[in-house]
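The next block holds one structure in the form of structure tokens; read it before the comments.
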Amino acid sequence: MEAGEEPLLLAELKPGRPHQFDWKSSCETWSVAFSPDGSWFAWSQGHCIVKLIPWPLEEQFIPKGFEAKSRSSKNETKGRGSPKEKTLDCGQIVWGLAFSPWPSPPSKKLWARHHPQVPDVSCLILATGLNDGQIKIWEVQTGLLLLNLSGHQDVVRDLSFTPSGSLILVSASRDKTLRIWDLNKHGKQIQVLSGHLQWVYCCSISPDCSMLCSAAGEKSVFLWSMRSYTLIRKLEGHQSSVVSCDFSPDSALLVTASYDTNVIMWDPYTGERLRSLHHTQLNPPMDDSDVHISSLRSVCFSPEGLYLATVADDRLLRIWALELKTPIAYAPMTNGLCCTFFPHGGVIATGTRDGHVQFWTAPRVLSSLKHLCRKALRSFLTTYQVLALPIPKKMKEFLTYRTF
């Protein structure tokens, strides 16, 4: 889609008719994820099942005229032995999903030792966070279960791998802790982060691997150092539970979404609140029956860092441009729970309470040279380092996202 156009629904996947599961199983899609290289999509479709789907989607799912440009020709994929869709039965309700960065060469030794039948190649891994506090680690290419990580005492709500490829995994749980695991050391638990007083809903690692943000059912957000695993600061500004957080691709911005209907954009280095995005209803109800109708569920940055997507209980997917205070586009979606961008842009995936996943068109833009330079510089300079540069004030404001 061009900037400013409404998102179009590209495809919708629905679970097949569920078998007779015990009453405890639920059908929500709490989590959806693309692999960092864009070749796989993971869908927690409810009833303990995760589907691993090769991307781009097969033709039968996509309406005419929307063929993905990146799709290779049929003959080419046949020759390579194209990847097949896989079903992972996790045995428990699945709340969180995370792919490892690709490729991850350090994993060779670990998988070869545990699974001699696994070819000695660097493999892509999927971590699944379960209802009973377990984390199951799967090899994507084969669908094999590689490891079972135990330690959490309650639901594992969210998972995040360090983007560097070091196979460090962070998990966030309803037991009010975050745990750090090293998959290169047989999934050894290397740290427990305590301090939250409520369920931890969300964890996000900055792309430069220096910071970890965690959001619990509290008004403040915690920022931790990924080097020392200590608390750097608490960010305070929301009026209700914070449920989702995400870093910009250059690590210079952090967004948090709350039940208070606001997204706050922060400078994670200084703790400053740069701006708030307020979710007003398009069609307010006639009475005050549901005050929390605009409660936010999920927020995420686009891969080039110029857009945000949010999902709220008012049945809308909104797309925001970084520089503007109102959404540039809306799409109607019922019961949305989570959203994520395709790593190469152009598509947003959303998961719903009914176990469906929907794929929407997202803005495709060419970043300006100014933004590309800012992104490149901010990937390795903190706000304080930028402010210390001998450059004009206007340039500093642009580089530190203070031009809003």
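A Cβ is built for glycine as well, from the same backbone N, Cα and C atoms used for every other residue.
Pulled from TrEMBL, these are the features on record:
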- 368-404: domain 'SOCS box' (DOMAIN)
- 68-87: region 'Disordered' (REGION)
- 126-148: repeat 'WD' (REPEAT)
- 149-184: repeat 'WD' (REPEAT)
- 193-234: repeat 'WD' (REPEAT)
- 235-276: repeat 'WD' (REPEAT)
- 289-323: repeat 'WD' (REPEAT)
Residues of the repeat 'WD' (149-184) by DSSP state, where helix covers H, G and I: 2 helix, 18 strand, 16 coil
Intrachain neighbours beyond the repeat 'WD' (289-323), with Cβ under 8 angstroms and 6 or more residues off its ends: 3, 7, 243-250, 253, 255-259, 261-263, 277, 279-282, 329-345, 348, 350, 360, 362-363, 365, 367, 371, 375, 401, 403-404
Secondary structure content of the repeat 'WD' (126-148), with strand meaning DSSP E or B: 0 helix, 14 strand, 9 coil
